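Notes for the one structure printed next.
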């Protein structure tokens, strides 16, 4: 009979491959259904691939396809990810990029003319959801995802914000190629894409949890055993209503951990007072969850 560890590994593998496949479909739909008909660029390496594709159509005797360029431009970034993030992470990234290249090439584009605003909104949302789900599953979609993850580890800035900052160059390029009106739609698309990524991929978003409880030991044990988070303890505090002795616990978690810590607190002390606030930056010995 297969062990639980073996089943867990198999489930994890299937989850990552499924996320890679969903991302491939999402980026292909966004590209072929919205960005290309709307004459606007995507973010990251996909946007650079589109730019080179446009320039090759205009100035070269042959056309370099977006799908081929997308994979080729990712190759040096695969190498960067291999050494800076992890081998397993990079292998799944290669799978995601390869599947995306195939879907971009083979998914037929509909012959329709849509409002550029519709293209910017729906293209950004669809690609953002696909990218966020891939990252949430522990894989990358290549390109600036890899650069963004490395920079976030060093600077603490949110992934979407880094994505938007780097893609300013693509907005300017879109202005020269398609005109400045389309450049603004490209900027809107990239902004929406970044915000949707942040909404879906929540691991990097830090939250401070303050817990006022009469049963600190149970909660501390639950958090440390199940979540492996550090906790700061303030003893001998008093509630103004009942004048009972309480303890305040402070801990920093990922937003992704909110469900787990809520269950721990409710199980240990259903009458605990809990306050949660967003954290702009964390210094010191805070350990982030591994991507893989």
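Every residue gets a Cβ built from N, Cα and C, even glycine.
TrEMBL annotations: computationally assigned, not manually curated.
Among the features that TrEMBL reports, transmembrane segment is placed at 12-35 (among others).
If you look at the transmembrane segment (59-82), the same-chain residues 6 or more away from its ends with a CB under 8 A from one of its CBs are 31, 45-46, 48-50, 52-53, 89-90, 93-94, 97-98, 100-102, 104-105, 140, 142-143, 146-147, 150. If you look up TrEMBL, you'll see 59-82 (among others) marked as transmembrane segment.
Sequence-distant neighbours of the transmembrane segment (89-108) (same chain, 6+ residues past either end, Cβ-Cβ under 8 Å): 16-17, 19-21, 23-25, 27-29, 31-32, 65-68, 70-71, 74, 78, 81-82, 134, 138-142, 145-146, 291-292. Sequence annotations record features per position, and here TrEMBL assigns transmembrane segment to 89-108 (among others).
Long-range contacts of the transmembrane segment (114-135) within the same chain: residues 19-20, 22-27, 29-31, 33-35, 37-40, 42-43, 46, 96, 141, 145, 159, 181-182, 185-186, 188-201, 203, 291, each at least 6 residues beyond the stretch ends and with a Cβ under 8 Å from a Cβ of the stretch. According to TrEMBL, the transmembrane segment annotation covers 114-135 (among others).
Under the heading transmembrane segment, TrEMBL lists 156-178 (among others).
For the domain 'DUF2179' (229-284), the DSSP-based tally of helix, strand and coil residues reads 14 helix, 24 strand, 18 coil. Residues or ranges marked as domain 'DUF2179' by TrEMBL: 229-284.
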